[in-house]
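As given in Swiss-Prot:
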TRANSMEM  3-23  transmembrane segment
TRANSMEM  25-45  transmembrane segment
TRANSMEM  66-86  transmembrane segment
TRANSMEM  96-116  transmembrane segment
TRANSMEM  130-152  transmembrane segment
TRANSMEM  170-190  transmembrane segment
TRANSMEM  200-220  transmembrane segment
TRANSMEM  246-266  transmembrane segment
TRANSMEM  296-316  transmembrane segment
TRANSMEM  320-340  transmembrane segment
TRANSMEM  358-378  transmembrane segment
TRANSMEM  384-404  transmembrane segment
Amino acid sequence: MLDLVAAFIALTTLLTYVNYRFIRLPPTIGVMATALVFSLIVQGLSELGYPILEVEMQEIIRRIDFSEVLMTWFLPALLFAGALHVDLSDLRSYKWPIGLLATAGVLIATFVIGGLAYYTFPLFGWQVDFIYCLLFGALISPTDPIAVLGILKSAGAPKPLATTIVGESLFNDGTAVVVFAIILGILQLGEAPTVSATAILFVQEAIGGVVFGAVLGYGVFVMMRGIDQYQVEVMLTLALVIGGAALAARLHVSAPIAMVVAGLIIGNHGRHYAMSDETRRYVDKFWELIDEILNALLFALIGLELLLLPFSWLHVAAAFALGGAVLVSRLLTVGPAILVLRRFRGANRQVPAGTIRILVWGGLRGGVSVALALSLPLGPERDLILSLTYIVVLVSILLQGLSIGPLVRRIYAGQPLEKSEGAH
């Protein structure tokens with residue numbers, strides 16, 4: 001196991017260096033693109049009669065349980081690190097767009113994408129049951145801000161826009177995981193559960209996650225307030241994430257939601273009432289480093305998964321069609337939500353011009369979608385959905401991620417809007 005971890009970290013570090021030294025793309029996008037090119041080179045060498053490197057790389061990647069690694073270890077830490085730097089007062093200011101997009105938006109997207117997929121699959125010769133189409137809709141609905149947030153900041157996006165994108169993505173991961181789990185349960189049971197059973201499951205996972213995260217966050221906050229030793233306080237935050245995520249799985253509550261809530265408590269109340277200036281610096285630097293390392297590992301793994309996923313040009317064509325369906329669903333969820341806010345709340349100040357375009361095009365899909373696809377039960381539907389999900393995620397990160405910056409600069413060029421900044 002240690003040799004696997006060492007090999008993967010070494011390869012990711014090399015890819016990160018190559019991107020920073022020669023390619024200069026935004027870090028996460030660059031690492032994934034470099035890993036993708038590396039995968040293509042390895043496959044090319046195999047076609048030329050040198051298969052040994054491809055065989056070795058496939059063995060390394062096959063031994064990594066992407067779904068387990070991301071959902072159990074990476075995602076809780078990434079969400080905690082993201083929430084740690086979100087100002088709670090900003091989140092409250094934009095709670096309506098964030099709340100609508102992270103809850104109703106995920107549900108609407110699940111059914112819109114699922115419905116469009118149901119009618120798209122036969123066009124390419126595939127007959128897929130509607131329940132699998134809904135699973136695809138649920139797993140592809142959460143957005144991933146990691147690749148786009150830094151670009152938005154450097155491009156001068158308004159603070160309300162950046163806050164909405166970050167806030168939505170922090171919570172819609174948890175919502176999507178819960179919705180996915182409910183639909184997967186229906187598939188495995190072979191019959192639809194009652195409304196009361198579905199409601200109980202949702203309350204247990206989502207509300208339970210909020211309560212559990214609040215208890216964890218407040219407990220660690222009290223412990224940090226009683227000491228002034230940055231080494232111990234950093235260890236407390238690390239134990240909160242690792243131990244809290246493991247315990248959440250045992251309690252059958254949403255670990256992603258719990259880590260977001262705990263991160264908000266530590267990043268706001270803990271920062272102001274339980275940390276010295278020295279502790280703040282070390283906690284911030286520690287979690288910034290963890291965030292960068294895990295993101296590099298995650299996006300490198302996404303790029304390297306190409307070595308394991310067989311797909312044809314038919315898959316590529318279908319993925320582009322489904323990518324269009326994802327954008328349509330994004331427009332159908334974002335557009336009405338923003339228009340309603342402007343109409344009934346007079347929210348022009350909170351919803352700058354161009355918000356709909358940026359939210360639609362900036363709604364990148366990421367590792368959570370791939371991890372959920374990998375957790376589907378074995379069968380031809382899983383293989384198909386996994387290949388299509390992977391291509392949709394790749395295209396989303398590369399196409400939308402690399403073009404969102406120029407779009408932001410074009411929309412807000414010359415406008416005296418407040419630029420987004422770090423939360424603290």
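Cβ atoms here come from the backbone N, Cα and C positions, even for glycine.
Non-local neighbours of the transmembrane segment (25-45) in the same chain are 12, 15-16, 18-19, 51, 53-54, 57, 146-147, 150-151, 292, 295-296, 299-304, 306-307, 394, 397-398, 401-402; each lies 6+ residues outside the stretch with a CB under 8 Å from one of its CB atoms.
Between the transmembrane segment (246-266) and the listed ranges 3-23, 200-220, 296-316, 384-404, the one holding the most Cβ pairs under 8 Å is 200-220. Spatially, the transmembrane segment (3-23) is not adjacent to the transmembrane segment (358-378); fewer than three Cβ-Cβ distances between them are under 8 Å for residues at least 6 apart in sequence.
Spatially, the transmembrane segment (296-316) is not adjacent to the transmembrane segment (96-116); fewer than three Cβ-Cβ distances between them are under 8 Å for residues at least 6 apart in sequence. Nonlocal intrachain contacts for the transmembrane segment (200-220), taken as residues 6+ away from its ends with a CB within less than 8 angstroms of a stretch CB, comprise 174-175, 177-178, 181-182, 185, 193, 236-237, 240, 244, 247-248, 251-266, 270. In terms of C-beta pairs under 8 Å, the stretch of 66-86, 96-116, 320-340 lying closest in packing to the transmembrane segment (170-190) is 96-116. Only pairs six or more apart in sequence are counted, and the transmembrane segment (96-116) with the transmembrane segment (320-340) gives three or more Cβ pairs under 8 Å, enough to call it a contact.
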